[in-house]
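Quick look at what TrEMBL lists:
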{"type": "TRANSMEM", "residues": "7-30", "note": "transmembrane segment"}
{"type": "TRANSMEM", "residues": "36-52", "note": "transmembrane segment"}
{"type": "TRANSMEM", "residues": "64-81", "note": "transmembrane segment"}
{"type": "TRANSMEM", "residues": "87-108", "note": "transmembrane segment"}
{"type": "TRANSMEM", "residues": "120-141", "note": "transmembrane segment"}
{"type": "TRANSMEM", "residues": "161-186", "note": "transmembrane segment"}
{"type": "TRANSMEM", "residues": "202-229", "note": "transmembrane segment"}
{"type": "TRANSMEM", "residues": "241-261", "note": "transmembrane segment"}
{"type": "TRANSMEM", "residues": "335-358", "note": "transmembrane segment"}
{"type": "TRANSMEM", "residues": "370-399", "note": "transmembrane segment"}
Amino acid sequence: MTSFKSIYIFSFYIITFLIFVLGGSIQFLLGFSNTVLTFFLTGFIFCVYGMYSIHKRKLVLNKIVLFAALYSCTIIITALVRKSDIISTVAYLIFPLLPLGVYLFTFINYKENYITKVTVFKAFFYISLIQLPVLIAQIFFYDFLILFNNSGQRIAWYDFMFGTFFIKSDHSLGIFILIIVSIILFSDKKIQDAIKYPKISIIYLGTTLFLTQSNISKVLFILLILGSVLGPVYKKYKGDFRFKALGVILVVLLVSIGYSLKEEKFVQRKLGGSFEKQFSLQSAEKFYEDTTAKRFQIIMVAAKVLKTKWIGNGPYSYFDVRTGKFKQTRHFTQLIWTYFDLGIIGLIIVFFYMFYLISYLDIDKGIPFLIFIAIFLLYALYTTILSDIAILFALFTVFNKRIKQAKISSS
């Protein structure tokens with residue numbers, strides 16, 4: 001088993017290096033697509049798990065595996081019903097298979113403890129530190145660097161700040177930095193001691209994050225910092241009536257300020273019109289027909305106007321993976337794609353799949369768990385999170401734990 005331990009550790013560093021350090025360069029300079037690289041890494045991950053299973057003569061069987069299988073079957077059945085092409089169907093299977101592969105890969109580590117959490121954190125921390133100089137170079141030397149673009153993709157300046165991650169992976173980079181910051185702020189002392197200057201590191205990583213185009217991550221970073229400051233205060237004074245009264249006053253004040261700002265011109269420019277116009281069904285339907293609708297407007301139209309899709313239109317009916325063109329409004333979004341591609345049945349299965357994946361992670365049950373689910377779903381609305389290997393690999397390796405209810409059956 002010592003030999004497999006070496007294989008596993010070597011595999012971990014190879015995967016980490018390809019995802020977080022070399023991936024973007026391989027795409028940008030050599031022309032490998034995101035899909036090809038992700039499938040290659042997924043296959044590599046399953047090979048490592050396959051070697052482990054053969055050695056142990058055991059397979060993991062639990063709800064994560066079950067819903068990955070249900071998800072895959074739903075994709076295949078929908079494709080058969082809608083007569084989808086084979087390429088789109090096979091490519092769509094990355095959504096259930098990649099999270100499953102990452103989960104199984106991390107299962108080996110919490111079962112055998114080959115790599116400690118401190119080692120994982122240090123590796124990721126050092127990777128996060130190199131992002132700032134790379135981002136600065138991408139911002140100031142865009143006109144020069146874009147001349148070397150062999151990816152086959154048109155990369156505008158605002159999509160060029162992806163650091164060393166995959167092309168256009170601003171959300172992946174944002175989540176990665178948020179994970180590192182959250183560990184520095186809230187993890188146990190053993191991991192925190194791995195960093196000499198935690199406060200300086202947080203400022204440095206915050207600067208890095210604010211150079212990206214991931215606005216969601218920027219907001220969450222601010223909330224994370226506020227939580228680290230207000231959390232101890234809340235624990236100390238949560239039973240005090242004056243503290244509760246002050247909290248209510250602050251909430252009312254913030255809501256009042258927000259309401260008063262909704263008519264301001266700079267707010268309307270950001271929203272693309274008045275608040276009432278953006279959230280009216282009539283406007284949402286118009287924008288949907290013009291293929292310019294925002295994500296929440298698409299949801300409004302799907303819920304109120306379009307015929308309910310119990311069975312979707314088939315894999316990649318929303319976005320044509322072969323041509324890279326959108327058949328609907330131009331948005332990368334796991335949840336909206338799933339509804340249009342697989343219907344309500346598929347969407348329900350995906351929700352359960354996400355829930356059990358998150359349940360596996362080493363996150364305190366209760367409010368922290370609910371907050372984490374909300375954040376995961378938010379990113380699922382703004383990106384195809386189940387095919388984002390950077391997000392999944394970072395989450396599962398950093399927040400890895402052993403599932404007590406996981407069953408191991410002899411093969």
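Residue numbering: from 1, along the chain as shown.
Glycine too: its Cβ is placed from the backbone N, Cα and C atoms.
Comparing 36-52, 120-141, 202-229, 335-358, 370-399 for CB pairs under 8 angstroms to the transmembrane segment (64-81), the maximum falls on 335-358. Long-range contacts of the transmembrane segment (335-358) within the same chain: residues 63-64, 67-68, 70-71, 74-75, 78, 92, 95-96, 99, 103, 295, 298-299, 302, 308-319, 328, 369, 372-373, 376-377, 380-381, 384, 386, each at least 6 residues beyond the stretch ends and with a Cβ under 8 Å from a Cβ of the stretch. Only sequence-distant pairs (6 or more apart) were considered; of these, at least three Cβ pairs between the transmembrane segment (161-186) and the transmembrane segment (370-399) are under 8 A, so the stretches are in contact. The stretches the transmembrane segment (120-141) and the transmembrane segment (87-108) are not in mutual contact, being linked by fewer than three Cβ pairs under 8 Å (pairs 6 or more apart in sequence). Taking every listed stretch (7-30, 87-108, 202-229) in turn, the largest tally of C-beta pairs under 8 A with the transmembrane segment (370-399) is reached by 87-108.
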